[in-house]
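S.K.: Summarising the annotation, TrEMBL assigns [4Fe-4S] cluster binding site to 270, 273, 305, 312. Per TrEMBL, the feature domain 'IspG TIM-barrel' maps to 13-251. What TrEMBL records for 266-354 is domain 'IspG C-terminal'.
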């Protein structure tokens, strides 16, 4: 479904993380980060592959020490998706993983070190033809900024970012993106708004340390959603204290809700009331589980009664309106004469949705 008022995105420079374009009107990419111990090579590879399967465009991997860097070398050789090396404290690790094939280096201005160390990281990135992310975080600002501002503020985050943007400008390096993340939604939004007016580099947006799957999803949907609706943001990461797979799913849900980018099935379902003619909640839950492998974007409307069912069904790819013992089925807005027995709804809907996906993909 197209938005009546398309979002006008902020103009930005284009960079590439591997083969994934970021900025300059490229599709907004969705990324996550592994939460395995990087030295557990097989487990890390397995998680990366799981993230790729659910639609991740990019995956970030933490490299806390040299042993992790050596493991990253093998991980990179055995995976296909672009990998960002997450570097803190020790600039020498950045030099090593760049040599080992990292597609991007994330450095934290709050702990990466002095100008000379940053120059060495930049020279290494330039030599290996890979970009850098200046990743500012409200929890790890530089000591002088913590002293100046006392507590994390939008102005503090932006000052940290601009300090390092200036370094890269002086080093004549323009292959970078920037993030100014805060766990406070209002501070994060203000930070990105301020930064977006100062530079034309791509912006990586997100709410850092957002929390549990429920709380973190709400915070991220509000923060990321507001920024995207204003045209700010070129790549997103939803940070959740949960399985990283959920970060990718929520990321795509946010993009889909704003009609920016779609993946998989968008279920439209009523919250239910005493009018429902079948178990809507159970039906949707089971179908989401069974159809999790589908990446083709379609809208599926499942409404329990005739109040809103027909209206939603005619604007969905697949629609179902609850009826007494049998429910009415719609495809591309057209009502089918044959109704579906309520006792076999889930099996019949799965079959018809999969058949529709086959038709769509055959015509692409």
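The backbone N, Cα and C atoms fix where each Cβ goes, glycine too.
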S.K.: Of 270, 273, 305, the binding-site residues given in the record, which has the fewest other CB atoms within 10 A of its CB?
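M.R.: Selected from the binding-site residues 270, 273, 305 on minimum Cβ neighbours within 10 Å: 273.
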S.K.: Around the [4Fe-4S] cluster site formed by 270, 273, 305, 312, list the extra residues of the same chain whose Cβ is within 8 Å of the site's Cβ centroid.
M.R.: 271, 272, 275, 276, 280, 303, 304, 307, 308, 309, 322
S.K.: Taking DSSP states H, G and I as helix and E and B as strand, how many residues of the domain 'IspG C-terminal' (266-354) are helix, strand and coil?
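M.R.: DSSP classes over the domain 'IspG C-terminal' (266-354) add up to 29 helix, 24 strand, 36 coil.
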